[in-house]
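Trainee: As listed in TrEMBL for this protein:
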- 12-34: transmembrane segment (TRANSMEM)
- 87-104: transmembrane segment (TRANSMEM)
- 116-133: transmembrane segment (TRANSMEM)
- 139-161: transmembrane segment (TRANSMEM)
- 173-198: transmembrane segment (TRANSMEM)
- 210-229: transmembrane segment (TRANSMEM)
- 260-284: transmembrane segment (TRANSMEM)
- 290-311: transmembrane segment (TRANSMEM)
- 318-338: transmembrane segment (TRANSMEM)
- 350-370: transmembrane segment (TRANSMEM)
Amino acid sequence: MLDVKLIRRLAIVAVLGASLVTILLAAIYARFAYPYLDDFCFMGSSGDPVATANFYYRTWSGRWSAMFLYALLAQGHDYAGEDVGGFVIWSGPIWYAGFYLICATAMRARSVRDKAGAALILLAVFWSASPGISDLFYWLAGIISYPVPFFFSALALYLLLKPGARLRHIVPGIAAAFLAPTFNELAGIALAPALAGVILGKLLDRERPLGLAAALVATLAATALVVFAPGTDVRLSAAPAGDVGLLGSAVKLFRPYDSAFAYAVDPRILALVMIAACSTSLGLAGGRRWWQVALLSLCVAATANAAFVLATGQVPSYRVLGSCFAILLAGSAFVAWHVRGRTAHPALEIAALAALAGSIVTAPNVAMALHDLPKAAAWKASQAAFWAELSRARGRDVAVADLPYYPSIFFNRQIDPDPADRSNRCVAARFGLRSLRSVGPAGARWRVY
């Protein structure tokens with residue numbers, strides 16, 4: 001006779017094993033990270049961080065806290081001359097801390113071990129299947145603009161939804177809710193409907209969620225400060241024009257391959273939901289049914305997706321879609337790993353666990369990372385040689401050919417043919433070049449002409 005408990009335990013071990021292998025692969029790729037071209041714009045200042053943040057608030061972006069942190073981290077560091085892996089590897093722990101806080105919020109009755117395991121699985125699912133992991137994990141500027149506001153959003157929810165929350169929890173929670181959008185307005189656009197949904201639930205339960213209401217006001221105020229900043233207007237005006245018509249924007253929301261709705265049916269999320277549906281011992285915080293929270297997370301992700309599309313008329317970038325995917329995973333946190341308690345349908349739960357383990361190790365990002373791993377070190381060496389060659393070209397007008405190969409999980413922002421391109425000018429300023437542009441056949445080796 002089959003030992004169901006043993007099989008279930010082995011299935012959990014398989015999920016954790018797949019998660020650990022995936023996270024190890026993610027950490028290995030951190031050592032191959034390199035500075036993106038616009039890192040030289042955002043992180044090239046060695047002056048006063050406050051003055052730098054104020055300058056960018058007026059001229060490029062309303063994300064004041066992000067700009068402040070960029071300038072602060074730039075103090076005493078030459079990003080082209082250093083191994084940036086020591087910086088970008090922190091993206092994983094920051095994302096993990098955010099997922100842990102989400103798990104701690106949704107699964108308060110579970111042990112620390114359960115919450116830590118659930119967060120580990122969510123991080124592995126996120127890295128293995130999310131679009132835009134290059135920007136979300138390996139981009140110096142992106143680490144500050146995406147995992148950091150996700151962490152502050154999760155911290156706000158953890159503190160504000162703490163049972164019997166007192167002033168010592170509510171005040172820091174409101175502060176975290178205010179800080180999150182100042183790193184990225186997308187965090188505020190997502191956090192506001194999440195807080196509104198929780199407030200509505202509290203009101204239906206005849207509670208008075210004054211702390212949550214104050215946090216919602218703080219979130220909306222911070223988001224407005226970013227969205228309506230002079231620099232944000234400058235940045236949007238410099239972006240390519242999109243189909244800003246309402247109908248065209250609405251159609252983009254439901255594209256089957258690059259919208260928040262598409263990622264809502266990711267097989268890994270479906271496996272997590274199946275695990276929840278088979279469980280009788282979940283104990284969701286607040287007494288809400290699991291489908292209500294799942295619906296709220298979908299609405300939050302769709303709101304973030306819609307805000308980008310309606311504001312720009314363009315399909316969201318992969319890093320925006322990746323952020324929506326993180327929101328969907330956060331909404332699924334309560335269905336993650338639970339190691340104790342009887343289940344109504346153990347066979348289905350075991351099948352879901354097995355499907356989750358298999359879908360993690362066969363996910364697109366894992367497959368691409370494994371395929372490119374043997375060549376990644378050589379590619380990193382070619383990048384180092386390129387930066388060294390630029391250093392020797394000081395005072396010259398420089399044209400370079402395109403880099404023939406780069407790991408698929410990295411974003412390949414090539415040098416633009418136009419010397420007036422913003423990133424080109426930032427790199428040229430860093431290396432003391434008169435101008436910088438790309439030239440030559442695609443696929444040629446890096447060469448300074």
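Including glycine, each Cβ sits where the backbone N, Cα and C put it.
Note: TrEMBL annotation is automatic and uncurated.
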Trainee: With Cβ-Cβ distances below 8 Å as the criterion, list the same-chain residues six or more beyond the ends of the transmembrane segment (12-34) that contact it, or say none.
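Mentor: The answer is 83-85, 87-89, 91-92, 117, 120-121, 123-125, 127-128, 133, 137-138, 337, 339, 353-354, 356-358, 360-361, 363, 366, 369-370, 373, 376-377, 379-380, 383, 407, 409-410.
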Trainee: Does the transmembrane segment (210-229) come near the transmembrane segment (87-104), with 3+ Cβ pairs under 8 Å (pairs 6 or more apart)?
Mentor: no
Trainee: Do any residues of this chain, six or more beyond the ends of the transmembrane segment (173-198), have a C-beta under 8 angstroms from a C-beta of it, and if so which?
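Mentor: Result: 62-66, 69, 144-146, 148-150, 152-153, 155-161, 165, 209, 211-212, 214-216, 218-223, 225-227, 232, 296, 299-301, 303-304, 307-308, 320, 323, 327.
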Trainee: Do any residues of this chain, six or more beyond the ends of the transmembrane segment (139-161), have a C-beta under 8 angstroms from a C-beta of it, and if so which?
Mentor: 35-36, 38-39, 42-43, 63, 66, 69-70, 73, 79, 84, 87-88, 90-91, 94-95, 97-99, 101-102, 104-105, 169-170, 172-174, 176-177, 179-181, 183-184, 186-187, 190-191, 194-195, 198, 211-212, 215, 219, 285-286, 319, 322-323, 326, 330, 411
